[in-house]
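Undergrad: Pulled these from TrEMBL:
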COMPBIAS  237-253  compositional bias 'Low complexity'
COMPBIAS  257-274  compositional bias 'Polar residues'
COMPBIAS  287-310  compositional bias 'Basic and acidic residues'
DOMAIN    13-108  domain 'Ubiquitin fusion degradation protein UFD1 N-terminal subdomain 1'
DOMAIN    109-184  domain 'Ubiquitin fusion degradation protein UFD1 N-terminal subdomain 2'
REGION    184-323  region 'Disordered'
Amino acid sequence: MFYAGYGYHASNFEQTYRCYPASFFDKPHLEGGDKVIMPPSALDRLASLHIEYPMLFELHNGVTDRISHCGVLEFVAEEGMIIMPYWMMQNMLLQEGDIVRVKNATLPKGTYVKLQPHTTDFLDISNPKAILEKTLRNFSCLTTGDSIMVAYNNKQYYIDIVEAKPASAVSIIETDCEVDFAPPLDYKEPEKPQRPIVPAGKAPAEDQEAIVEDEPKFKPFTGSGKRLDGKGPKQPAPGASSAAAAARSAPSDSNKRANQQTASPSGASTSTRQKTGKLVFGSSASSKKEAEAQKDPAKGSEPPKKEEPKFNAFTGKSYSLKR
């Protein structure tokens, strides 16, 4: 059963209108939500059908077979016309003056919605969650596959509705809905730095060298000595420690020098003073000093330095118990 001139069914509301964007009628506030403006005749028909509030509608573009959902803000449009947000017309691939079919719908309350921003600029906002909550207060429902527009700071951000539960189209009026975000469409994962390729044969050798260099070298007798008479320890002559270390680290060299001295005729006198089975360090140095003393008698006649008195124990006065 149809009403004359309108094409209404007896049990539900269904009508075709020519759509126009909100900018044509100086109503820019429509762009911040999903509500449309319908003619007064639609309100009369809806009131007679006892439609549940809030009123929700299904929009259908028969040419492209695109479907979306919306709410209604006012019933002040001219007859045969419907005023829609421009972003909604873009979702449905509608142009100014195209035919759109409007039908009343009942949608379940949403429990989960997954959103995906088009650009990473939306995530750079100081508080995107608060901006999104404020924007969705002007929406009545969400449909999977739509791209809603969020206006903030004189800039428009588009967000895709990737998933909705418990149905592909849900109502978000007076309901607690969980919101999840997918990575933006232009998001690129940061590239991991590539490690230089090292040949298999060189890698273990370099590791072993690094381990050897890190290990501290053992140094014997690094403590300080103390004397029984309370005096400070004698300072070793500069170069004495290095000479001793060289002698300890290369005993074979001293053996070679001792053998050379015994074999050579000039070192016969020194070899006789050395006892068999013992190593004498610095014998070559002493022979050099004697040779220099013979060449320069002035140096050899220098008076010997007085040696410091040795420590003698029990050198105090003694007393007898007898008078």
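Keep in mind that glycine also has a Cβ here, set from the backbone N, Cα and C atoms.
Buried or exposed, and what's around them? Tell me for each listed feature.
TA: Counting residues of the domain 'Ubiquitin fusion degradation protein UFD1 N-terminal subdomain 1' (13-108) by DSSP class, helix then strand then coil, yields 25 helix, 37 strand, 34 coil.
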Undergrad: I'm checking region-level scores; what's the whole-number mean pLDDT for the domain 'Ubiquitin fusion degradation protein UFD1 N-terminal subdomain 1' (13-108)?
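TA: Within the domain 'Ubiquitin fusion degradation protein UFD1 N-terminal subdomain 1' (13-108), the model's average pLDDT equals 91.
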